[in-house]
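Student: This structure is in structure tokens; I'll ask about it shortly.
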Amino acid sequence: MKPIFRRVAVIGKYPGPGAVSASDSARQIIESIAQFVTQQDCELTLEAETAAHTGLTQYHTLDVEGIGRQCDLCLVVGGDGTMLGVGRRLAGYGTPLVGINQGRLGFITDIPLEGYQDALTPILHGDYEEDVRPLMQACVMRSGECVFEALALNDVVVNRGSTSGMVELRVEVDGVFVSNQRADGLIVASPTGSTAYALSAGGPMLHPSIPGWVLVPIAPHTLSNRPIVLSDATEVAIEVAGGRDISANFDMQSLASLQHGDRILVRRSAHRVCFLHPRGWSYFATLRKKLGWYEGGS
């Protein structure tokens, strides 16, 4: 039986310079997956930096954007952070992603590295669960001009520096004033990001099918300042009204330094990310496994 995905790319997490043993391990993992994919009668492409850092230069290579233009499927080897970065860069191309977990928790990179072949074979032949996640589009407005913009799959976070005091943030939703918040910061999280930083700050978990966001204050000065669930059709504006050493980050990977009066606008992006999971995948099973929920009977 021929695979339905003919051109398959692999993007891997690789260690920094000097980590020899980790580099050898990364090479072995990527090479094993590459060989497996070619054995499935697929045309393999390695992401260029992955190939360079692992020394696997015998394979066809493309940069991430080239993968988006030319490949039918992308296998991401690493943790959720790796998947977030790849997902944002490929969102505009509609390339489906499969995560092979080489990290720790693995909410969206859900296929274990050990035994990945058993999970991956049916997916390559068209037997999978599709899971589409929305992205957020954010920009930093300064004196009426956008000075920084980024996509986020998990969250947009405005917070204070490590040695500064609380920040004061004016929050509006669709142009309607909500509150002035004094806190360590504020999180705007998607359903995907609701199990990340927002959860540790006391926010609720949103099912991926819910078209919403959650607005979560970080250590607020007023204890009645609680998380709010919003429609993702709204535009959230966060204005820096007070404080110093303030920044905005997007999926904890892109960072913008903020000034007094800056406004961060967050709206739903036109782009989405499509994850493919093994048949039988369940969001609730993922929560039980990753969060250690009790599974016993009465």
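From the backbone N, Cα and C atoms, a Cβ is placed for every residue, glycine too.
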Student: Figure out which of GLN40, GLN117, GLN253 sits with ASP80, GLY81, ASN154, ASP155, ARG182, ASP184, THR195, ALA196, TYR197, ALA198, LEU199, SER200, ALA219 in the NAD(+) site per Swiss-Prot.
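Tutor: Swiss-Prot names GLN253 for this NAD(+) site.
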Student: Taking only the Cα atoms, work out how far ASN154 (NAD(+) binding site) lies from ASP80 (active site, proton acceptor), in Å, as a whole number.
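Tutor: ASN154 (NAD(+) binding site) to ASP80 (active site, proton acceptor), Cα-Cα distance: 10 Å.
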Student: So of ASN154, THR195, which of the binding-site residues has the fewest other Cβ atoms within 10 Å around its own Cβ?
Tutor: THR195
Student: Specify the secondary structure state of ARG182 (NAD(+) binding site) as given by DSSP, simplified to three classes.
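Tutor: Where ARG182 (NAD(+) binding site) sits, the three-state DSSP reduction gives strand.
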Student: Using C-alpha atoms only, work out the spacing between LEU199 (NAD(+) binding site) and ASP80 (active site, proton acceptor) and round it to an integer in Å.
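Tutor: The Cα atom of LEU199 (NAD(+) binding site) is 15 Å away from the Cα atom of ASP80 (active site, proton acceptor).
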Student: In whole Å, note down how far the CA of ASP80 (active site, proton acceptor) lies from the CA of TYR197 (NAD(+) binding site).
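Tutor: About 13 Å separate the Cα atoms of these two residues.
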